[in-house]
Each structure stands twice: as C-alpha cells, then as structure tokens.
Amino acid sequence: MSERPVIHLRDVTREYRVTEEVVVHALRGVSLRIDQGDYVAVMGSSGSGKSTLMHILGCLDSPTAGRYELDGVDVRDIPEDDLADLRNRKIGFVFQAFNLVPRTTALANVELPLTYAGVPRATRRARAAAALRTVGMGERLHHQPSELSGGQQQRVAVARALVTNPPLILADEPTGNLDSHSTAEVLDVFERLHNAGRTIVLITHEEDVAARAQRTIRLADGLVLSDTAQQAFAA
Amino acid sequence: MSAREIFRIALGGVAANKLRSGLTILGMTIGVSAVIILVAVGNGSRNEVQASINSLGSNVLLVQRAFGGDVTFTQRDADALADEFNAPDVKRVSPVVNATGTTFLAGQESYEPSSVVGTVPAYAQTRSYELQSGAMFTAEDVSRHRRVVVLGPTVVQSLFSGADPVGESVRINGTSFQVVGVTASKGSNGTQDQDDVALAPVTAVQDAITGYASGLSSITVEARSGDVLDAAQAEVTSILTTRKQSADSFQVINQSSIREVATASTDVFTTLLGAVAAISMLVGGIGVMNIMLVSVTERTREIGIRKAIGARRADILAQFLTEAVVISAFGGVTGVVVGIVGSQFEIAGVEPAIAAYSVALAFGASVLSGLFFGTYPAGRAARMRPIEALRFE
C-alpha cells in the first residue's frame, strides 16, 4: 500500500506561549506517514503531546512549524471555515466522551455531518441508517443518547464518524469511558472497519487496546519514541 | 446548509427546553400584547374625545365676552355677522341667551336643566342636534315671540318619566311654554351632558326669563366648511372689532383649535402608553438575550461537536440567531393574539380601538429584538474554538 499517504507529517512542531517567558513545546518535531488502510494506535503518557497531535491530525489546531498533508491537502494557514469543511469531508471523529448531541436521536446525530455537508434529507437518512447498521445499532435509530448505554453511544459516535465516508477515522481514547465488555464491542467495530479498508488512527493509553492495532506509535515529550508494526499484522 | 435545515435545528433547540423557551416566549408575549392593548386604549380614548368634540358641531366659532370685557352682544351684532358681503365664509349665525337657574315644572315634577338656551332654529343645525320627536321651533316662532320649547332627553326623563311630551306644556320660572320637540340623545361632550338641555326662541327667553338688559350671552357662528374656518374667524373678528371699537373685549373661539389641543393631549397620552409598553418589550428582548447566553454556555460542548464534524461559523451563528428569532417571533405571534383578544374588552372605561400600525410595529419589533438580542449570544457561539468548546465541562 504505497499510494499517496492519508497522513503525512514532516517535522511538525507545536508551541503554546503560556506567558511572555513561558513557552510549552507540546510537539518538538514529529514526522509521520500513515497510509491508506492503516490501523494505527498512538500511545503516550499524559503530557507526551498525543492530545496536541490528535488536534493537529484532526485539523482542530494547526502546527507552529512543519508540514501536514491530509489526504493530499496541505493543512496550513487555512481559514477556520475551510478547516471546518476539511474536517467534514476528510475526518470522522470519535471522542472519549462520545460527544453526541443531547436530546437528539441516534439517527439525527449520525445525519449531522451530512447535514453540514449539504446532503439532501432522504439520502442523508438512508446513509445514516446504513452507517448505524454497520456498527450494529440498526435497532436503535430513534433512541436518544440518554437512552443508550456507553458502549451503544460510542457505536453511534463511530457510525457518525464513518457516515461521510472519510479517508481518516480519528479516535481519541474511544474506550476510555467504557467497561471491558463495551470496549470489546467498540474495538470489534474498529476491527471490522479496518478489515473493510478504512484508515483508523486511535489514540489511547491502554496497552491492550493498542495491541489490537496494526501499528503502534509511542510519543514522549513531543517526539516519536518508537513506531512498531504488530507481529500479528506483519504477515 | 439550507435555511430549512437551520430552521429545523433551531426549532429542535427551542423545543429541547420547553419550560425555559416557554417563559421567554411569555415575556415577549407580554411585551407585544402590552404595546397593542395600550396603544389601542390610547387610540380609543382619542376617538372618544374626537367624537365628543365633533358632537359639539363642526366648523363652529364661538363669540364670547372676553374675561373682564364690557361688551354686550345684541341681535344686531348677530345680524351683522350674517352679512354675506362682509362675512362670505359664514354659513349660519345663532344668537345665544343662556338662562341660568331656571326651574321647569310639569305637573308635580320639577327639574332644573343645566343648560337653557334661547336661540334660533339654525342653532340646532350648527350644534348637530337632531330631533327624535316633534320638530325644532321655527323662525316664525322666534319673530312672534312664541313660548315654545324643545327639550333634551335627560329633561324629558326627569319631567315626564320618558313619555313623549310633545304637545304638553311646562312652566319655566312660572311662564308656560309648549313642548314642540325632543332632541335625539347626543351623550356627553366630555364636560357636560348635552342631553340635559332645553332650547327655546331667543325672543321668548328674553321676554319671559332673562330680560333684555344683559343682551346675548354669546353668538355661535358656523363656517361654510372646515377649510374656511380661519377665514370666517378673521371676518367675524374684523366685523366685531369695528362694531365694538375694541378688539380685546370679546373673543372668538375656534372649534378646530379645541380639537387640536385635545388631539395633541391624547396623542401624548397614547405615546406615553406606547412608551411604557415598549419598555416591557425591551425587557422581553433582554430576557431572550439572557436565555440565549445561558443556552450558549450550557451547550458549549454541543457547539464544539458541531464544529468538529464540520459546522462553519455561519452555521452556528445562523442556528442560534434563528433560535432567538423563533422564540421572539413566537412570542410576537402569541402577543398579537393576546393583544387583539384583550382589546375587545373595555379597559378603564375606554373602548380600545386597535391601531393596525401598532400590531405590525409590535410584531416587527419582536422579531427585530430577537435578531438584535440574539446577535451577541450567537456571535459568541460562532466564535468558540472547537478544541476549547469540546473540553468544556
């Protein structure tokens, strides 16, 4: 798989100027290449820069220096509204806290990215329902988030992430708030998506979650510490 | 994103917290209905004042002795004002003698009308008196000093218990007068009951009641039309100045100037009521802003989610602005309904008259206030940075 990479980071740094004197170097020069169909886990202790990396990968934040190409688009100095469009088309987010819109049905939540993309209603509904069936939530289209368990909510969130058919699914600690049973459920969904050819970047601090990915990238102090392919996938 | 989608999302936001939206809508409803009802009350009271001024007779000038003046008006003065050459804009002239403190007696009943007027038939036309029974006395009655009288309904009620008195006779200060007519009811002109009146030939009144020494009490002049009222006033003033050789011993009061004063004062009244109501609308608008600010803060995370999955700033701005406008416009609609229904009832003795402009204005202002007071909260939502919004607890 050596087509054009989905993610290509070249010597990316990110600094936060806290006060006049204090500058925090969250990323000190990260280079990464993630190809289409990869299933990558990003690991690191808190303060290692993995949240910052995730924000940059997710186009929620931009690098101080270095280049980031997402699916062939150079993400640099892009106006906020264009970043919003980019996120809408290229990235499906899954968050630790599920982040579904409250008091809104599962179906409407999954429809949301398509709404912002301007997809007509009927098409939207069909695609959202299909995405929910993919994650095994076809029976609960009209449940509100408050009526769903954590694992179910996270599966709805995954459905929302993949409904726009984005080149990248970006999951930030997707199992952080889940019990082991729900964790297994959600990871099974990711595995199915990976097998279907999706590119997944999963940020976690749990070894057993990372172990199910194809490749693990470890960060420490804003730098890539190691980048290893799992043996199970090597074959 | 299409306007329909934005509207759908905004409606969802309004419906998500029904109690809170409902109370905000109520605030707006009160503001809008207050504007409509209070302006209607002001409008209604102006209509009443206008109607009572009109009932005095239109295009009327009143010639009176000035305060402290020492003139006496005679029938000749009245005749001089009726001169077509010197006063071409004068239509009718009625000499008026007011007999005060006269007692009317019919059988056992006695009554003292508040106004006993000795005049000529033209007076009834000038003052817009119509007859409900019998007829007005005639010019011949005047020239022949006939003792006839036309009574107002209030007088008839007191003396004859409401029975038709035409043909009966009443004793006025001891002199017998024959009743020839009864005026139709005109109601009050705001200061006095215009039905509590008796009209008789000026000659008969002077013969039997007042005598000739004091002359006429006043002269009522009717101009040909409202447009020439000022010209008629100038003619009357000029004729009398010549005849009395004095310009400040008498005064000519213009009916339209009374109306202008009355209209101006009721307009001030209406404006004041409207202003009070507008303040309550302003309070309603601030309520919308308050609720939107709370809502934006409370839904920071939702805003973060929406932005993360591709909402542009304009989408978020439109969503919250539409929510504010939906709330205020809904309040506007219910306010219009409440205002129109409320204006059907008599309020503080006034029959409210809904002013169409106030309905349009109040509804328009409610929508605009939603737009105005929604802009800041919606702008705040739109400016949020997605990372921070997502982290918000």
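Numbering starts at 1 and runs along the chain as it is shown here.
A Cβ is built for glycine as well, from the same backbone N, Cα and C atoms used for every other residue.
Listed in TrEMBL:
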- B:21-42: transmembrane segment (TRANSMEM)
- B:21-238: domain 'MacB-like periplasmic core' (DOMAIN)
- B:272-296: transmembrane segment (TRANSMEM)
- B:275-385: domain 'ABC3 transporter permease C-terminal' (DOMAIN)
- B:316-342: transmembrane segment (TRANSMEM)
- B:354-376: transmembrane segment (TRANSMEM)
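Within the chain carrying the transmembrane segment (B:272-296), a Cβ under 8 angstroms from the stretch's Cβ atoms is held by residues 13, 17, 20-21, 23-24, 27-32, 34-35, 37-39, 41-42, 303, 320, 323-324, 327-328, 331, 358, 362, 365-366, 369-370, 372-374, 376-378, 380-381, all 6 or more beyond its ends. If you look at the transmembrane segment (B:354-376), the same-chain residues 6 or more away from its ends with a CB under 8 A from one of its CBs are 28, 31-33, 35-36, 39-40, 43, 274, 277-278, 281-282, 284-286, 288-289, 292-293, 320-321, 323-329, 331-333, 335-336, 339-340, 343. Residues 14-15, 266, 269-274, 276-278, 280-285, 287-288, 291, 327-328, 330-332, 334-336, 338-340, 342-343, 347-348, 350, 352-355, 358-359, 361-363, 365-366, 369-370 of the same chain lie 6+ residues outside the transmembrane segment (B:21-42) yet bring a C-beta within less than 8 angstroms of a C-beta in it. The DSSP breakdown of the domain 'ABC3 transporter permease C-terminal' (B:275-385), given as helix, strand and coil counts, is 91 helix, 2 strand, 18 coil.
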